[in-house]
Amino acid sequence: MLILHGHAVCSGAAVGRLRFYRHGRVSAQLRHVEDAGQEIERLRHALSRAEQELEDLAENAGEQEAAEIMELHRMMLADKDFRAAMEGRIREKGIAAENAVLEASAEFEALFSTMDDEYMRARSADVRDVSARLVRILTGAVAGGLDTSVPVIVAADDLAPSETVQMDKSRILAFVTMFGSPNSHTAILSGILGVPAIVQLGTDLLPEFDGKLAAVDGDSGTLYIDPDEETVAMIRQKQEDSQRIRQELESFRTKESRTGSGISVRVCANISTPEDLRAAVENGAEGIGLFRSEFLYMESGQRPDEDRQAMIYRRVLKEMGGRRTVVRTIDLGADKGAEWLKLPHEENPALGCRGIRLCFSRPELLHEQLRALYRASPSGDLAILFPMVTSCGEVKRLREMARQVREELRMEEIPFREDVPLGVMIETPAAALISRDLAREADFFSIGTNDLIQYTLAADRQNPHVEQYWDPYHPAVRELIRITAQAAREAGISAAVCGELAADPKLTEYFISLGIHELSVSPPQILPLRRHICSLP
Ligand code: PEP
Ligand code: MG
């Protein structure tokens with residue numbers, strides 16, 4: 001039995017086979033390493049494995065031509081200049097082996113592709129191919145998707161939100177990754193699914209473990225490979241314990257979330273896809289406090305058109321049966337991309353063209369989404385929420401876009417609700433600091449603590465190296481929340497919290513004391529939070 005320790009992200013326990021996720025395209029998130037020597041060793045190990053693979057392929061290749069190509073690839077891997085380019089990058093830039101491979105590959109591809117000789121020009125594809133093999137070995141990827149017909153423990157170097165959202169959820173027992181941040185959207189998605197998750201298990205989580213039996217303890221952040229009987233029994237016991245706790249919570253499903261002194265707090269659900277709705281309803285959500293609609297744009301590999309969106313929003317509104325459903329307009333950009341969007345490369349994507357900024361540069365995206373939302377609005381109690389706001393001017397512009405859409409629908413005689421509230425996410429320090437002014441433009445606030453922490457403390461939520469600076473209890477964060485809540489109270493509009501902090505029982509009383517009476521959390525967190533609220537004086 002091998003025991004690996006990582007950072008626990010979502011609690012729970014699981015036993016099952018490990019299956020390495022196969023990234024569809026060869027890519028790797030930029031990662032810096034502390035020990036370049038060790039990383040070079042990792043690269044050399046991958047090079048030997050790639051050579052071995054190619055030798056086996058050459059031996060088993062039926063055709064002479066295929067065998068020759070494999071042999072050529074082997075020679076490329078042995079090429080001194082190519083190796084020096086990769087190792088040099090690790091040494092000089094302190095980047096991970098897979099990043100160095102991709103960079104060196106791009107350099108050599110460019111070199112070959114400009115050569116006069118046609119044969120040499122064609123070699124650039126071979127460089128790409130052989131580099132892809134190396135990256136796959138280094139990251140544990142093989143070739144696209146989650147190849148399994150039974151539920152498995154999904155392993156990966158790291159997972160992009162667009163990859164996680166595309167997986168068949170019924171086949172996921174747990175997530176375990178080599179790298180990754182506990183505050184990332186991938187971590188949030190596992191919270192919504194309610195499956196245990198561990199990040200930062202390191203490179204000891206070898207792709208060779210694919211297919212092995214494993215046990216996950218999502219409370220302590222421990223992964224057991226080839227667990228012994230005693231460990232399996234311990235994990236099974238944990239599963240039974242959490243099952244029992246869930247049954248105990250069952251009585252809170254239909255209860256009102258009310259403190260002993262009679263203060264009511266609406267406990268709503270955060271969802272990412274319509275599939276999460278079932279979990280929201282089953283867990284007794286009093287509404288949808290945050291529908292991260294951008295995942296609709298990431299799950300199918302193509303842009304969902306207006307009709308499809310309208311149909312999805314209608315379905316969500318109907319299933320919520322009159323309970324308030326807050327749909328956030330697309331918050332694409334930063335870590336949330338989609339191939340078809342062709343987002344330009346940005347040095348600091350979290351500070352870049354994200355959320356409404358992307359919508360201002362590509363207004364057709366928001367226009368189409370607003371049309372779909374308004375068309376669906378007669379089906380329930382819809383509210384629209386705008387992400388990444390930093391100024392009143394932006395909100396005025398967004399309201400104007402919404403007004404134009406209403407005007408269009410009126411002309412086209414398409415029914416819609418006039419009174420759909422338009423809210424603002426308070427997730428930048430700027431928005432919190434001007435919340436008094438924003439309260440005149442917005443119908444409600446929703447405080448996105450995940451980004452509010454990231455931007456206030458200048459700590460990238462994707463970057464595990466600055467995790468210690470990502471302090472949810474920092475007084476600056478509290479102050480911004482306090483300012484926002486006060487502005488909302490004075491203006492007579494509501495302020496909810498929809499970031500992950502909403503589920504933190506240590507803060508519930510604080511939020512209530514500020515007059516915040518709506519908390520929106522992942523579906524599995526609804527009942528524990530409701531029980532906690534009911535236990536308060
Ligand atoms: C937030 O920033 O707190 C939030 C709720 O939105 P997201 O996590 O999707 O950025
Ligand atoms: Mg956010």
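Keep in mind that glycine also has a Cβ here, set from the backbone N, Cα and C atoms.
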(request) Select from 33-67, 278-312, 313-347 the stretch of residues annotated by TrEMBL as coiled coil. (result) 33-67
(message) Give me the DSSP three-state residue breakdown of the domain 'PEP-utilising enzyme mobile' (151-221), ordered helix, strand, coil.
(response) 21 helix, 19 strand, 31 coil
(request) Going by Cα-Cα distance, pick out whichever of the recorded positions HIS185, GLU427, CYS498 is nearest to ARG461 (phosphoenolpyruvate binding site). (result) HIS185
(message) Do any residues, 6 or more residues outside the coiled coil (33-67), come within under 8 Å Cβ-to-Cβ of it, and if so which ones?
(response) 73-74, 77-78, 83, 86-87, 90-91, 94-97, 100-101, 130, 133-134, 137-138, 203
(request) Could you list the residues of the same chain, at least six apart in sequence, whose Cβ is under 8 A from the Cβ of CYS498 (active site, proton donor)? (result) CYS268, ASN270, GLY289, LEU290, VAL326, MET425, SER446, ILE447, GLY448, THR449, LEU519, SER520
(message) What whole-number Å value do you get for the CA-CA distance of ASP451 (phosphoenolpyruvate binding site) and GLU427 (Mg(2+) binding site)?
(response) 5
(message) Need one number: mean pLDDT over the domain 'Phosphotransferase system enzyme I N-terminal' (5-123).
(response) 85
(request) Round to the nearest Å and give the CA-to-CA distance linking ARG328 (phosphoenolpyruvate binding site) with HIS185 (active site, tele-phosphohistidine intermediate). (result) 15
